[in-house]
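Marked as compositional bias 'Low complexity' by Swiss-Prot: 56-69, 664-676. Taken from Swiss-Prot, the feature compositional bias 'Polar residues' covers 90-100. What Swiss-Prot lists as compositional bias 'Gly residues' is 114-133, 590-605. What Swiss-Prot records for 221-414 is domain 'Helicase ATP-binding', and it gives sequence analysis as the kind of evidence. If you look up Swiss-Prot, you'll see 425-586 marked as domain 'Helicase C-terminal'. The motif 'Q motif' annotation in Swiss-Prot covers 190-218. Taken from Swiss-Prot, the feature motif 'DEAD box' applies to 358-361.
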């Protein structure tokens with residue numbers, strides 16, 4: 001065998017326990033790694049073993065003894081004036097030089113304030129380096145620099161077809177009657193000015209090309225800015241989202257962030273905290289609606305210290321948690337996912353100044369009342385006297401107003417127009433069509449109107465949505481579908497294709513019926529009429545928005561006679577033509593009792609009036625409501641002896657079309673079938 005193998009001047013047949021021996025033709029002795037770097041005895045030639053050679057200058061490797069200081073070149077390790085590196089040797093990849101001990105001073109603003117978020121600086125308003133966001137510094141709001149790319153993404157360009165613009169009848173909104181009840185109601189504003197709004201918010205409103213506040217905004221802005229609670233009812237498409245975002249963001253820009261509670265100070269580490277402390281919370285029933293509100297919040301918080309976040313079920317919770325960790329000042333959430341994050345200890349409500357319930361009646365209809373009560377009353381949210389609470393919706397039936405007593409204090413009731421009514425900008429047509437003829441009539445309508453605008457078709461079941469969209473595709477009509485069984489990614493993709501016009505026909509179930517603001521919808525077709533007239537109102541409200549005109553067509557047959565009387569009233573109120581077959585079916589007597597809408601609540605003559613102004617006690621409620629809850633003369637609530645008696649039938653209000661599982665399990669917000 002060849003002479004003993006040497007590595008790094010270490011002979012593999014050396015031993016720590018015996019004198020070195022001449023090379024042997026036998027097997028080399030194994031030396032454990034932890035013994036190889038010790039000072040060696042004589043080598044095979046009888047000379048002292050030199051120290052192991054160091055790496056080449058700048059190589060960055062470390063081959064020195066284990067107990068020696070780390071460095072690069074160890075060739076002169078025995079010299080009295082040894083230094084790990086010669087002064088003129090350039091640094092290597094990982095090599096250390098004495099000059100590196102002089103570190104740069106820590107900049108607390110480079111990555112946001114420690115423990116207070118990231119790119120937006122979280123609740124303390126620091127700004128991530130190069131993020132272009134604003135800051136709150138020394139008691140002042142410092143807007144960030146403009147970002148042309150982000151402006152195009154948020155606000156679009158003039159005449160952008162994907163952004164809603166005001167239509168030819170927008171000026172007619174000034175003729176809509178407004179009723180504000182409560183004591184000391186502030187005077188409305190007629191323009192976006194300072195005061196009361198912050199200058200930075202006004203600049204963002206101008207970027208969005210909003211020129212005049214809508215009626216609900218004219219009243220809600222001064223009401224909220226004066227610290228009052230609000231219950232606002234307005235027609236769909238009338239600017240309710242801006243009605244609560246404008247005053248909340250304006251106050252935030254003027255007053256700055258809230259301090260994180262002292263007991264949370266031990267949670268910080270490496271400039272980031274795991275628990276978020278938002279100051280504003282907006283709850284909405286569906287994923288699509290919270291995403292839409294979040295997009296609006298991003299617009300009007302542009303270049304500010306406020307960081308909006310959105311959380312909802314059906315999406316990756318990991319990415320949502322990372323978003324929250326980067327800073328969360330304004331949180332838009334569905335109730336189920338918010339309860340989940342509270343249980344995980346990732347969100348605290350202790351700093352909440354503003355609580356907004358959007359589409360509040362729909363959230364209660366969908367079984368969210370336990371989650372909402374837990375969020376509002378069972379967690380660490382400030383009580384009703386220490387926060388402002390705002391309720392916005394297009395309808396507020398009586399029992400919802402009664403529930404508001406627990407959440408609101410000394411509130412102003414704002415009613416814009418006849419709440420729950422339809423816009424006169426929408427031309428409503430009702431066609432008598434039997435079920436087996438619906439497809440052929442639909443094709444006739446689509447051929448007649450073409451695909452110049454966006455057409456939204458509402459059906460009652462998820463199976464029908466898929467079947468009808470497949471049928472339209474087979475007939476060479478570009479169609480897609482959206483319903484509760486589709487994944488979040490599929491739904492977002494379908495909505496994006498519909499908004500952009502690449503797929504101008506969308507078949508939808510009730511998941512898209514309320515709250516969604518889809519620009520340039522010119523035609524809404526109720527392929528299946530809902531069993532609740534309020535759902536009909538919200539479905540056709542997807543067109544005729546912001547003063548634009550639109551067409552709504554409904555397929556009616558005797559299977560829909562339960563809503564015939566309310567449908568006739570709705571058509572008359574909006575000055576629409578009432579077909580003779582509706583009148584004849586109504587005279588048959590089947591339409592005068594009905595279910596009264598929404599499982600017994602019904603619309604009734606006063607469903608949109610402030611209950612505090614009506615004499616009568618509401619089932620032992622607060623004294624300010626006084627009297628009895630019986631129906632006023634001439635109106636029927638649920639058709640039951642003129643009274644309210646029947647409990648809300650949340651499960652049966654949709655004719656069983658959703659099979660009990662369309663909305664998932666309201667009591668299990670994190671279940672796999674949950675779509676909120």
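Each position is counted from 1, following the chain as shown.
The backbone N, Cα and C atoms fix where each Cβ goes, and this holds for glycine too.
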Quiz prompt | Chain residues outside the motif 'DEAD box' (358-361) and at least six past its termini with a C-beta under 8 angstroms from it | solution = 240-241, 244, 282-285, 289, 293, 391-397, 400, 404, 514-515, 534
Quiz item: How does the motif 'Q motif' (190-218) divide up by DSSP, counting helix, then strand, then coil residues?
Solution: 13 helix, 0 strand, 16 coil
Practice problem: Could you please provide the mean pLDDT value for the motif 'DEAD box' (358-361)? | Solution: 84
Self-check item: Tally of DSSP helical, extended and coil residues in the motif 'DEAD box' (358-361)
Solution: 2 helix, 1 strand, 1 coil
